[in-house]
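In TrEMBL this protein carries:
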DOMAIN    15-262  domain 'Nodulin-like'
DOMAIN    359-523  domain 'NFD4 C-terminal'
TRANSMEM  16-36  transmembrane segment
TRANSMEM  79-101  transmembrane segment
TRANSMEM  148-168  transmembrane segment
TRANSMEM  174-198  transmembrane segment
TRANSMEM  210-232  transmembrane segment
TRANSMEM  238-264  transmembrane segment
TRANSMEM  365-383  transmembrane segment
TRANSMEM  398-420  transmembrane segment
TRANSMEM  432-451  transmembrane segment
TRANSMEM  457-479  transmembrane segment
TRANSMEM  491-515  transmembrane segment
TRANSMEM  555-578  transmembrane segment
Amino acid sequence: MGRLKERFQAFVNNRWLVFVAAMWIQSCAGVGYIFGSISPVIKSSLNYNQRQLSKLGVAKDLGDSVGFLAGSLSDRLPLWGALLVGAFQNLIGYSWVWLIVTGRAPVLPLWAMCILIFVGNNGETYFNTAALVSCVQNFPKSRGPVVGILKGFAGLSGAILTQIYTMINFPDQASLIFMIAVGPAMVVIALMFIIRPVGGHRQVRPSDGLSFTFIYSVCLLLAAYLMGVMLLEDLVSVSHTLVTIFTVILFFLLITPIIVPIALSFSEEPRDPVEEVLLPKSEQQEAGKAEQSDQEHEVIFSEVEDEKPVEVDLLPASERQKRIAQLQAELFQAAAKGAVRVKRKRGPHRGEDFTLMQALIKADFWLIFFSLLLGSGSGLTVIDNLGQMSQSLGYDNTHIFVSMISIWNFLGRVGGGYFSEIIVRDHAYPRPVSMAVAQLVMAVGHVFFAMGWPGAMYIGTLLIGLGYGAHWAIVPAAASELFGLKKFGALYNFLTLANPAGSLVFSGVIASSIYDHEAEKQAHQHHIQLQMSGLLFSGLYGQDEVLKCEGSVCFFLTSMIMSGFCVIAAVLSMILVYRTKTVYANLYGKSRT
């Protein structure tokens, strides 16, 4: 009985249980991705036009990205407190919208509706922050896979919630608003006490490789399954019984990762995950000495960063590491003899813990921000305009492309975390190089959209979805490596502002202006053709019709501009790679030797 209790305690304190619980929270945290499904009922119920509905969409994007408060609260409150605040915001915001849409509450002015949408969607930032902060601290040596998987589930949440809604078979679309108000809040409240940093998280276990492989397998199976179900439900009339079976299988796949913490906790491993807390005093003293030695080493390394010759950075990786180690040893000996006084640094160096204000004066931080703004901003522009893009090329069923880009977005996040981890682990090379690759892939995807070739929508959706998703696995991991984990919540939530900022400029200004210009030209040409045909009713044409553009010309210039922005973003990422080679060599070079 005592052994079973010990195993259960090990299960409760297992970092893999925290990771799996964070995956479940993320799987219902992306309520913003389902806005396209609830916007028609909001538009019809409140008699909004497209311009008014677009303002609600901007409020949704801002709510999804403005996470200053979430980042600050994650530093000051326990993570369960931040999750509770997020659940409360999600519940209040969308519940009020549901009451208004169904006529149970008085209609509010547009600005008040924007605030409600902002508040409801802003709950996501608390879910994302708590999940990422806890798991990055629990898995500091596996940041790429952890961030990629968690962000991937957030991107897939729209498809998951849609499938659940289809199974429940609500009588009206307004019920979907009620579901996204209550559902995520219930899941978060049920799991909020599990999401926390746990003891022993710095240990790298031999079982980690097999565990991550199993999680990756579940992710790939889940993506393939959802893709198949979506295509089947879009192309074929499926009975409600079959939809229920599909959803039960979906739940089974989502629950499957719990096998990992169960297997690790109830296996015959000699130590449980809190072994650092339970170490004997002698071992704790040794650990304390080692930690103090690491801190002294960090000071020496910071001094080397200031004093090393410039040509050291130009050497090959192996030779550069030897020279830096030699400089460190010489400086340490000189400092020990008193011949050299190691100066106290004015602020942290790259790879150490930064506050947000300290990071804001660093060029590397702004390189990440503007690279993310150009890359992910152009990707979000495609996502926001995917319906019009597909319609302009003659596709009637736009839901297929929306579903496909959701799946590719998921795989991009999972794959971006996996491959960027290989780059830093096996080659000690800066992680941002993988972001540059993703941005070049997106540049090619934009060219396919611009050309409008047969099948271009499918290829473009694939490339943009993969590249856009990869950004959100690579950037949080790189930011935590370069600017530390202590204030990671605030740093991450500031960087997410690049997403709506890019979308506001690219979609709200560039794409919409060019589309309206081309649509007006086509409407004018059609008007002239009607007049030349001698139709008396031609003068009435276009007064009450919504402008609509047809053909690849509608998004040709926009897509080519987006492609150019992605190339510029890749250049910025490569500048960051050049500037951080030494940091990554110090962080990961020794793990290879």
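Any Cβ shown, glycine's included, is placed from N, Cα and C.
These numbers come from a predicted model, not from an experiment.
The transmembrane segment (398-420) makes no contact with the transmembrane segment (174-198): fewer than 3 of their CB pairs lie within 8 A, with pairs spaced 6 or more apart in sequence. Within the same chain, the transmembrane segment (432-451) stays apart from the transmembrane segment (210-232): fewer than three Cβ pairs sit under 8 Å, each pair at least 6 residues apart. Listed as Cβ neighbours of the transmembrane segment (365-383) (distance under 8 Å, sequence separation of 6 or more from its ends, same chain) are residues 61, 359, 389, 405, 432, 435, 438-439, 442, 445-446, 449, 460, 464, 467-468, 471-472, 475, 478-479, 482-483, 491, 494-495, 498-503, 505-507, 510-511, 558, 562, 565-566, 568-570, 572-573, 575-576, 579.
A contact between the transmembrane segment (457-479) and the transmembrane segment (148-168) is present, since 3 or more of their C-beta pairs, 6 or more residues apart, lie under 8 Å.
Scored by C-beta pairs under 8 angstroms, the transmembrane segment (79-101) has its highest count with 174-198, from the stretches 148-168, 174-198, 210-232, 238-264, 491-515.
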